[in-house]
Amino acid sequence: MSGGGGGSGPLPYSMRDVDGRGAYNNAKFRHRSRLKMASQALFTNSSKYQCGKFTVGKFLSLLMVSGVIYLLVHKSSDGFVSGELHEKVGNTHTKKDFPKIRTFWRKPPRLPPRLPPNEIYRNNSLLLQSPQSEWTLRQKKVKEAFEHAWSGYRNYAMGYDELMPLTRRGIDGLGGLGATVVDSLDTAIIMGADDVVSEASKWIEDNLMKKLSEKGQVNLFETTIRVLGGLLSAYHLSGGDKARGDSGIPMTSKRANPERLLEVSKDLADRLLLAFTSSPTAIPLSDVVLRDRTAHAAPDGLSSTSEATTLQLEYSYLSTISGDPKYDLEAMKVLEHMRTLPTVEGLVPIYINPSSGQFSGENIRLGSRGDSYYEYLLKVWVQQERYRDTSLKYLFEMYTEAMKGVKHLLVRKTIPNGLVFVGELPYGRNSGFSPKMDHLVCFLPGTLALGATKGITKKKALENHLLTAEDIDNLQLAEDLAKTCVEMYFVTSTGLAPEIAYFHIEGNSEGGPDGGNKSSQYVNDIIIKPLDRHNLLRPETVESLFVLYRITEDPKYREWGWQIFQAFEKYTRVDSGGYTSLDDVTSLPPPRRDKMETFFLGETLKYLYLLFGESNILPLDKYVFNTEAHPLPIIQSAQQISHSV
């Protein structure tokens with residue numbers, strides 16, 4: 001979007017002369033005439049006296065009177081009367097005519113007015129950017145929140161997967177690999193939180209390799225996106241692949257030991273690879289026993305579609321930096337197999353059977369168990385720049401078809417106020433539509449925006465004629481969905497979103513309680529059922545706000561993010577350290593759940609920090625974020641990976 005700072009703006013055309021100098025020159029001529037007349041009068045009166053009678057005192061008096069007249073006339077024309085006219089037009093002329101005295105008497109410039117937050121949406125041209133210092137301060141607040149979250153974890157749960165901040169203890173819910181440590185490391189590097197970088201990297205170097213040989217069962221998907229993804233991102237940001245300069249992160253910030261990070265990454269990936277090689281099909285098994293180097297399916301024999309298909313960014317990058325293609329080859333077999341399966345206008349069921357390689361059931365949704373399948377269709381294609389138009393072109397085609405299916409089958413509007421949302425087909429396309437949307441679906445606005453411009457700004461894409469009609473349509477859908485995701489926050493008593501929302505639509509009798517904020521315009525559009533009122537500190541909405549701000553440059557996304565951050569601070573911060581999930585966002589005060597998810601440090605606070613920062617930090621045309629917000633560089637040159645057609 002076109003930008004502009006605050007202030008008075010250029011002069012209207014009617015106030016200018018054709019030679020471009022206008023009223024300023026007319027005023028200057030009149031004031032010089034007055035000065036000349038005053039000087040002539042003084043000179044005439046004094047000429048009555050002969051030179052011998054003209055005393056030193058009279059000379060000084062004449063000089064003083066002349067100076068006062070000059071200053072009054074000069075200030076009137078340049079400083080006090082003309083005001084804004086002087087600011088916009090006068091500088092070049094005054095410097096030419098009065099090079100020394102003009103500078104000495106120069107009036108301080110007038111600052112643009114500060115508008116309240118609600119004015120931002122009324123005049124984007126004036127407020128494309130808030131004062132830089134304001135966003136710097138807000139970014140600093142996010143860093144302070146991250147350090148507060150880390151302090152609670154370090155003091156009460158170091159080495160455990162997650163912190164229980166209310167009871168001040170740790171818990172292992174993700175296999176016992178210290179998931180919060182690894183998930184937080186690249187966030188700390190990005191923020192320049194040097195103490196956290198030192199503490200986290202030391203723990204990894206001293207403990208993680210040992211834990212890999214001792215621990216039991218872990219989930220392939222969760223361990224890949226959080227632990228392996230975190231290790232690989234920290235490796236890159238610590239200069240491991242010599243390409244950190246593109247990140248925009250100051251080279252003076254604290255780093256981890258990249259050699260050790262790569263060593264641990266390969267050890268972990270070798271163990272996780274058993275999930276792929278032990279499966280009778282291209283679909284990996286869901287769980288791995290690390291110490292035994294074995295893998296097995298879930299108790300029901302099924303894998304989540306999203307979990308099986310959200311692994312490729314990490315393993316492809318590991319093959320790139322290690323020189324060993326085995327990781328990439330195994331992971332890419334999954335997407336190559338998905339290419340052969342039947343879909344519903346590009347949409348797929350949320351379960352798949354690794355024994356048969358076929359889908360199970362007909363439940364279609366973009367929430368849990370379905371979400372990141374669509375995300376990685378796009379992001380794997382984005383990551384492998386060299387193969388976008390050749391062997392991996394099919395991924396973008398699958399993504400494009402799926403987004404058409406979303407718009408045709410899943411997108412609806414609420415009544416009475418027309419919020420756009422994405423629903424579900426719990427029993428397939430031939431059954432009823434459910435007006436239910438998980439907060440997880442709020443990843444989609446960011447993905448749609450990234451797919452439209454491929455990471456560059458909308459303005460640049462339009463200037464270079466890079467956007468198709470479908471791209472523009474997807475960008476509009478992205479902005480509409482982001483609005484809905486934000487209103488899921490603002491409609492509640494706490495200003496924090498529930499895990500799941502339902503929506504009023506025409507012809508559907510779905511009913512239920514509202515979010516509690518009676519002043520919200522959308523209080524009658526959004527339904528929040530009692531079992532869905534919890535908040536887990538999730539990142540998906542602020543992730544999309546970050547991407548949309550980078551691409552559209554619209555400041556409202558920053559302002560929305562700031563309001564969400566303030567709500568987190570008000571209701572989830574624990575004084576002794578850490579932040580806690582909530583049981584009910586519609587109640588005041590909200591009951592607390594006593595858990596800080598690893599993704600609050602790895603994703604939520606990272607995206608907020610980047611949202612409030614400069615756009616040259618981790619630019620979206622140079623980096624792709626995995627589904628746990630770990631940035632990995634786009635592979636732009638011929639490297640070790642080789643994809644078959």
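Backbone N, Cα and C atoms are what each Cβ position is placed from, and that goes for glycine too.
What TrEMBL says about a protein is an automatic prediction, not a curated fact.
Over in TrEMBL, the protein carries these features:
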- E222: active site, proton donor (ACT_SITE)
- D371: active site (ACT_SITE)
- E499: active site, proton donor (ACT_SITE)
- E540: active site (ACT_SITE)
- T627: Ca(2+) binding site (BINDING)
- C442-C485: disulfide bond (DISULFID)
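Long-range Cβ contacts of D371 (active site) within its own chain (separation 6+, distance under 8 Å): S306, D438, L440, V441, F443, L444.
Taking only the Cα positions, the spacing between E540 (active site) and C485 (disulfide bond) is 9 angstrom. Here the CA atom of E499 (active site, proton donor) lies 11 Å from the CA atom of C442 (disulfide bond).
T627 (Ca(2+) binding site) sits 18 Å from C485 (disulfide bond), taking the CA atoms of both as reference points. For E222 (active site, proton donor) paired with E499 (active site, proton donor), the C-alpha to C-alpha distance reads 19 Å.
A separation of roughly 11 Å, to the nearest angstrom, links the Cα atoms of E499 (active site, proton donor) and C485 (disulfide bond). Its own atom aside, the Cβ of E540 (active site) has 25 Cβ atoms within 10 angstroms in the protein chains shown. The Cβ of E499 (active site, proton donor) has 19 other Cβ atoms within 10 Å, all protein chains considered. Of all Cβ atoms in the protein chains displayed, 29 besides its own lie within 10 Å of the Cβ of C442 (disulfide bond).
Long-range C-beta contacts of C485 (disulfide bond), restricted to its own chain and to partners at least six residues apart, with a cutoff below 8 Å, comprise H439, V441, C442, P445, A497, E540, T541, S544. All chains included, 25 other C-beta atoms sit within 10 angstroms of the C-beta of T627 (Ca(2+) binding site).
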